[in-house]
Amino acid sequence: MRTLQEIPELRKVLGEYRQRGLRIGLVPTMGNLHAGHLALVETARRHADVVVATIFVNPLQFGAGEDLDAYPRTLAADQAQLEATGCDLLFAPTVTTLYPHGMDNLSQVRVPVVSEGLCGGSRPGHFDGVATVVSLLFHLVQPDIACFGEKDYQQLAVIRKLVADLHFPIEIIGVPIVRAADGLALSSRNGYLSADERAAAPQLQRILTTLRHAIEAGEPVATALESGLKQLGAAGFEPDYLELRAADLGPVTATTREAVLLAAVRLGTTRLIDNLILTLPR
Ligand code: PAF
């Protein structure tokens, strides 16, 4: 696997791939890779001839007071994992390479409505930063397919709308959440948890699972969510949101069948998100 940091070199290698008629799969990441990221690489492998991963901790998607400086940077370990998973090329640019004119007056991409509420409500500007860097990477790499995790459910919905609205000729593939044996959704931010917090964290998925069963069995959604918030509080989480939305993140209506239960919580200083897909009763 080659690692490149500069745009001209990246374009050269990608040009060679294209000349050879190879289908390019893109896996954008912020590094500190875990089995969830590797599942994205494995999925890309199945849908493309060459896999290009990117590692870039994107300052644009972090708000003031968020964990930009603390975000783990583990390039050597990430390279070894990508190589072992069959990634062909890693693009790991610096901030100056991607944003040579700075970030203050940068042209930005905004994806309305689907970016609002949920994580967009508590992290203003976050999805503008994501949509901007993902658009930039799509322009640079021009992949045929790109893989994103379903753990960041709202991000995936934002990217699907971005691709549809801006006519990117890229197939977006959502990859199911990878969980630890105890049910905790894998996340680079799990590394921030103390031993006690790590032991408590799987309660998030257990509470969501209980709620899913209750809602699928016909319990009124408002009652289930109210009880869910109480259960989250009792388990030591500080809930940011707990919502049931239609699978496309629109509101649940009388005809909605495919829905998603989404939660964001704080455990100590760590923000955790998770979601479960469910089928509403008729
Ligand atoms: O999901 C992530 O790791 C990031 O939001 C992404 C898509 C790589 C954009 O920086």
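Using N, Cα and C of the backbone, Cβ positions are placed for all residues, glycine too.
Automated prediction, rather than curation, is the source of TrEMBL annotations.
Record features, source TrEMBL:
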| type | residues | note |
| --- | --- | --- |
| ACT_SITE | His37 | active site, proton donor |
| BINDING | 30-37, 149-152, Val178, 186-189 | ATP binding site |
| BINDING | Gln61 | beta-alanine binding site |
| BINDING | Gln61, Gln155 | (R)-pantoate binding site |
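Feature map: TrEMBL annotations on the structure.
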{"residue": "Met30", "record": "ATP binding site", "Cβ contacts under 8 Å, 6 or more apart": "Ile55, Phe56, Val57, Asn58, Tyr71, Ser188"}
{"residue": "Leu33", "record": "ATP binding site", "Cβ contacts under 8 Å, 6 or more apart": "Thr74, Ala77, Asp78, Gln81, Leu82"}
{"residue": "Gly36", "record": "ATP binding site", "Cβ contacts under 8 Å, 6 or more apart": "Gly149, Lys151, Val175, Ile177, Val178, Ala185, Leu186, Ser187"}
{"residue": "His37", "record": "active site, proton donor", "Cβ contacts under 8 Å, 6 or more apart": "Val27, Thr29, Gln81, Gly149"}
{"residue": "Gln61", "record": "beta-alanine binding site", "Cβ contacts under 8 Å, 6 or more apart": "Gly125, His126, Phe127, Asp128, Gly129, Val130, Val133"}
{"residue": "Glu150", "record": "ATP binding site", "Cβ contacts under 8 Å, 6 or more apart": "Leu156, Gly174, Val175, Pro176, Ile177, Asn275"}
{"residue": "Gln155", "record": "(R)-pantoate binding site", "Cβ contacts under 8 Å, 6 or more apart": "Cys119, Phe127, Val130, Phe148"}
Exercise. What recorded positions in His37, Glu150, Val178, Ser188 place CB under 6 Å from ligand 1?
Worked result: none
Exercise. How would DSSP class Gly36 (ATP binding site) in three states?
Worked result: helix
Exercise. When a 10 Å sphere is centred on the Cβ of Val178 (ATP binding site), how many other Cβ atoms does it contain?
Worked result: 18
